[in-house]
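S.K.: Sharing a structure here in C-alpha cells format.
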C-alpha cells in the first residue's frame, strides 16, 4: 500500500465496530460513482481492510479509523474527503475528521536508508583479512585430502569406492571418472562397470545378488545404450540418469542428489526402452509382494494378556480400489515433483508442488483429503500430518529410510507397488 488514511471518530451514542463499518460503506455508496465504490476498490486491491478502534466516554463513542490505500495521491485524498461526509452512525450523530494521510513509501525508504547504513558499517567491519584467507584455503585443501580414495575391487580390478563391500546398496556407474566424481561428494558405495563393455563383470553380478543396485548412467545416447546392455544381464533395482545431455562425471553434488532422488524402478525403465530386464531372485520378488500387500492392510491390534482374543479372530483386510485414471495420473507425475490430492470419490481436489504438500495438508479440514499421489518421498513427518488430518491413502515415489511409526489409519504405497 502507498498511503494510510487516519481519521478521528466521535459519535453521540454507544456504537459497535460493525456499525461504523456499515456506515462507511452505506453512506459512501454511489456517492462519487462506481469508480469510488469502496467495495469495488477493495476487490481490486486498491484499498486495504478498514480498521476501527473504539472506546467509550460516558454515553459517547470515540475512536480511530485507518484505511490503507493503493490509489494515487489525488484519489486517496478524495477517499479521505468522502469519509468526512459521514454524519450519522446507527441512530446517533457522528463526525469523522481526517488527522493525517501518511505516505508509507517514505517510511519504507527511510527504513531502507537506515538498513543500508547498518550494512555498510557491517561491510567495513568485515574487511578481508589475509591471514583468515590463508587459513580457509588450508582448511579447504585439508578437506579435499580427506576425500575417500578410489580402490580397485575384485579380480577385474574395477574402480570402486571403499564402502562398496559393506554397503547394503551400491551405485553402479560407467567408468573411473564417474567413481571419482561420486567419491568427491561422499558416495563411497560406488563401483564402475569398467567402461562401455558388452559383458557385465562377474564381480558386479555377484554383488547384485546380495545388495540393492542403483544403475546411474549419463543422460545421453551413451547412457541409454548402457541401460539396454546391462538391464538384461543382471539384477538392477533402480535406474538414475544424469540430466539430459549431461554426463555423471560433470555433475555437482546437488545435481547428483537430485538425480538419485528421481530414480525409477528398473522394470519401468526396461519397459520404456522396450527391453526385458533380468529376473530377480524368486525370494526377493515374494518379499516385495508381501511388503506391498502389508502396506494395504492395517496392522493387527496389540495383544493384551488379560483380554487375549482367540487366534481365529484376525483383523479384516481393508481393501480399496484405485481408479485407472488415478493410476495413469500417477505415471505422468514421475519426474514432475508435483502432487495431486483426491476426495473420497477420487475426484481431483488440487494439484501442487511437492514442497507445498505438507503445508497444504496441515491447513486442510480433517477428512477433506482422502488420498494423496505425489512424486516424492514418503516421510514420517508427512505420515503424521496425514494421520492427523484423516488422509486415508498416500502413494509416493519411494519410502524414506526413517519411518519409525506407521499410523494405523493411513495406508501408504509406492509407485513400484502399483505399476
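Each Cβ is built from the backbone N, Cα and C atoms, and glycine gets one as well.
Pasting the feature list from Swiss-Prot:
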- 174, 218: Mg(2+) 1 binding site (BINDING)
- 218, 220: Mg(2+) 2 binding site (BINDING)
- 280-291: compositional bias 'Basic and acidic residues' (COMPBIAS)
- 280-317: region 'Disordered' (REGION)
- 306-316: compositional bias 'Basic and acidic residues' (COMPBIAS)
S.K.: As a test of the contact definition, list every same-chain residue at least 6 positions from residue 220 (Mg(2+) 2 binding site) whose Cβ is closer than 8 Å to its Cβ.
M.R.: 244, 245, 246, 247
S.K.: Across all the protein chains here, work out how many other Cβ atoms are within 10 Å of the Cβ of residue 174 (Mg(2+) 1 binding site).
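M.R.: Residue 174 (Mg(2+) 1 binding site) is surrounded by 24 other Cβ atoms within 10 Å.
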S.K.: Tell me which residues of the chain lie with their Cβ under 8 angstroms from that of residue 218 (Mg(2+) 1 binding site), as long as they are six or more apart in sequence?
M.R.: 174, 226, 241, 242, 246, 247, 248
